[in-house]
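K.L.:
Before I ask anything, here is the structure I am working with.
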Amino acid sequence: MTLLWYVMSLYFYGILQSDASERCDDWGLDTMRQIQVFEDEPARVKCPLFEHFLKFNYSTAHSAGLTLIWYWTRQDRDLEEPINFRLPENRISKEKDVLWFRPTLLNDTGNYTCMLRNTTYCSKVAFPLEVVQKDSCFNSPMKLPVQKLYIEYGIQKITCPNVDGYFPSSVKPTITWYMVRKIRLHFILSNGVLNDNTYLLSYMYKQRHFWADYLIYSMITL
């Protein structure tokens, strides 16, 4: 009788633990966070849970006994599967709340999920990651950040973006800037009449730095 009670106790305890572990704050697919990275280049992707959804950081969660788990769903698939961190040369790895690709491949495109959990708590969010094939900077599907410069403001400073985390804090990297310029003329109507002496110059600059392209637009009316 005692043995039967013990077995039944373990059974119900398992059910309760299972039910508790299945309670999860599922934030769904965060379409506002559409990450694009270039093919065959290193990429660093942070779990958005700690940036937008939770009030504590990864270190606090880890100290509390929570584990961060990564999953992904391949492009045009419905099955969510664990990420393989045993690929040759550790091509995909995780470091704290960061997922590393060294380098990316086109078939890495898909929806990625980071889940923070223990036996009684769970919180997860998914986000789309697109690996973009390299092309001409003017034909690339990559959505690049835009910064406007205005001549009347005089000297202006441009800071190389998206380099945080690629180097140790003690290392000061050497940044090389490149420029690609494309000029397009737009005739402007003045009082309904086309003025051949008035046109708008659009400059497009491409900076190449640490596995990312950066476009800057500047327009001058002459």
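Placed from the backbone N, Cα and C atoms, the Cβ positions cover glycine too.
In case it helps, TrEMBL gives these features for our protein:
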SIGNAL    1-20  signal peptide
DOMAIN    69-139  domain 'IL-1Ra-like immunoglobulin'
K.L.:
How does the domain 'IL-1Ra-like immunoglobulin' (69-139) divide up by DSSP, counting helix, then strand, then coil residues?
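P.N.:
Across the domain 'IL-1Ra-like immunoglobulin' (69-139), the residues distribute as 6 helix, 36 strand, 29 coil.
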K.L.:
How does the model score the domain 'IL-1Ra-like immunoglobulin' (69-139) in terms of mean pLDDT?
P.N.:
90
